[in-house]
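Notes for the one structure printed next.
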Amino acid sequence: MDDESILKFVTEYLKKKGFKQTENAFQEELHQTKTTTTNNNSASPISSTSQFDSDIAKHILSLTESENAPTRYQDGYSKLRSWTYSSLDSYRHELLRVLYPVFIHCFMDLVANGHVQEARTFFNSFREDHEMMHLRDLQKLEGVLSPSHLEEMEFAHTLRKSKISIKMCQYSYDLLLQFLQKPQSTTILGIINEHINFQVSPGPPSSICDDADVVTVIGGSQDAANQINQKEVHWGLLEDSLEERLEKAGSLLSDSEKAEGETKELEWDENKKRSADGGKQGASIKKLKKDKAVNVTGKTARPEANSIPTAPRVKPELALPVIPAEVEQSILEDLRNRVQLSSVALPSVSFYTFINTHNSLNCSSISHDGSLVAGGFSDSSLKVWDMAKLGQQAVGCKVLDNSCFVLSGFASHGELDPSLYRWLSIPPCCSYIREILMLTRTGLATLQGESDATPNEHTLGSNGGKRPYTLFQGHSGPVYSATFSPLGDFILSSSSDSTVRLWSSKLNANLVCYKGHNYPVWDVQFSPVGHYFASASHDRTARIWSMDRVQPLRIMAGHLSDVDCVQWHANCNYIATGSSDKTVRLWDVQTGECVRIFIGHRSMILSLAMSPDGRYMASGDEDGAIMMWDLSSGRCVTPLIAHTSCVWTLAFSCEGSLLASGSADCTVKLWDVTTSTKVSRTEEK
């Protein structure tokens, strides 16, 4: 064997093992040797410094060749799997975290080395171990059938270029190192050294329930994410906001008004019980219920509101539009009448069902005053229903005080589809009525789409007149998102045709077509003050726009996969983006920089919501997990686990005490987030 071959095998061996420092030192020493031998006119750099023993060279060659043998991966992973499952119970759950990243990288290395058939056998032999937690990832990797697929498939390419961060205690880490030092574990050692980053903590092992955020895929290093999270975030509300004006005006009710509200509440409870015993719950009860809701505002809302720390005030970074005087008065009136919701003071709920829209309705949205509902469809159309006109046709159901949860979904031939609870939105004027209204199937207001069987039947109204909705056409692909402006006079829609369109609900016409994204636009959201809006796309970017410009003002790039959802902060200085790379990022709208990276989800992020005070953010993923984040620290305050399928939508109540979540598991859940956030506040004191 010649000297060049020996050098090649040594270099390949060090590179495969991940010994980067040793490889760099070897290359540097080799370079110095070549320089010295050139000056001395020596023929061979190796022979002038040290004579390689032929047995050592053969041993290195055999190791290099054996590393490429497909059986090494099967045997190495099998031994690691058996060892972890036979470990002590106290440390087993931490050691089991290593199996999934080792499994996927063994599979991809086999494919990269051309052992496709052996890779499929390996994949099918052990995939059942990881299907419960990583089913979606495994379904993606099933499509890897050749080495070229590793470069072409975005998910596989990201995994090979990124490191996986795993948390474990010191003793678990020592146990793993002891196992990896065995000669038969060299293949697994190389994979772990190259693709896994351990975060070792002193003390006992973590709890099994903490596994949600201990295994994460990170782009680059964890240190980079930690450095980003050190940046300052001003999470407060805007200066001179309407809420601040109301506080300065001293709009709190007097003690006599509060006492009167308590008396009214007791009277209402007694009358309700008396009426229930007599079997009569008519108009008198409805009137008393409304009187109760209005009069107990002082008792329910104000004392609790005062116990909540006031959010700090920040200056706006964007030039904000001027709010008309009549709109200000309307908002202030709603703020005065707002009830503090809680687990014992729940809001009213009203459900609206889209019928004859099976597999065609992609999204829905409700205007802030609850008067309009929009739906985006697969036939590239956008349809808007007027709730006032709809209420005249629907029997036994109407919008209650413009303050209700609105849920829309699929129905086909009168049967509710399992994906009924896909979209949920809460108008910001959620206020008066506290008792939940349970609506039966006969009491549901229905929003009729066009039936595939009789396309003209639902185009006309029930009396043979015009259709009960306004049709907006202009997109050339399915509409994936729709959102109303704060005043309800404009509608934004995004589509697979890579565009965002602005519509006028007054003129019933398309005003602007915004082009900038290169791939489908999954989500679009107006800012809380209107005029500005943000979009999220398959091109891995989020963009900020203004209504008066056809080009984006900012482009937020950094996610490793699709940006699936976007949400504005309450002060309009930040936007949050959720991605298929399982992370949430917070961006400064002025600089376009990422100021927070939230790591902890195990699947793609599908929904986001910001608390009204701007301090907390909720994110929902494909597995049904919801996480509450503290924007100031970047930490997860608490996970909310109850859903068993995708969380498609999230929304806070206006005072921030309740969080609503709509899921594909056919449920809508209300969460009392005040108890969840008390821990974070206590830690800061």
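The backbone N, Cα and C atoms fix where each Cβ goes, glycine too.
Range with TrEMBL annotation region 'Disordered', chosen from 10-49, 250-289, is 250-289. Within the chain carrying the repeat 'WD' (514-555), a Cβ under 8 angstroms from the stretch's Cβ atoms is held by residues 318, 320-321, 323, 477, 480-487, 490, 492-502, 561-568, 570, 572, 575, 577, 579, 587, 589, 592, all 6 or more beyond its ends. When the repeat 'WD' (556-597) is classified with DSSP, helix, strand and coil residues number 0 helix, 24 strand, 18 coil. Residue counts for the repeat 'WD' (640-681) by DSSP state, with H, G and I taken as helix and E and B as strand, are 9 helix, 19 strand, 14 coil. Per-class residue totals from DSSP over the repeat 'WD' (598-639), listed helix then strand then coil: 0 helix, 24 strand, 18 coil.
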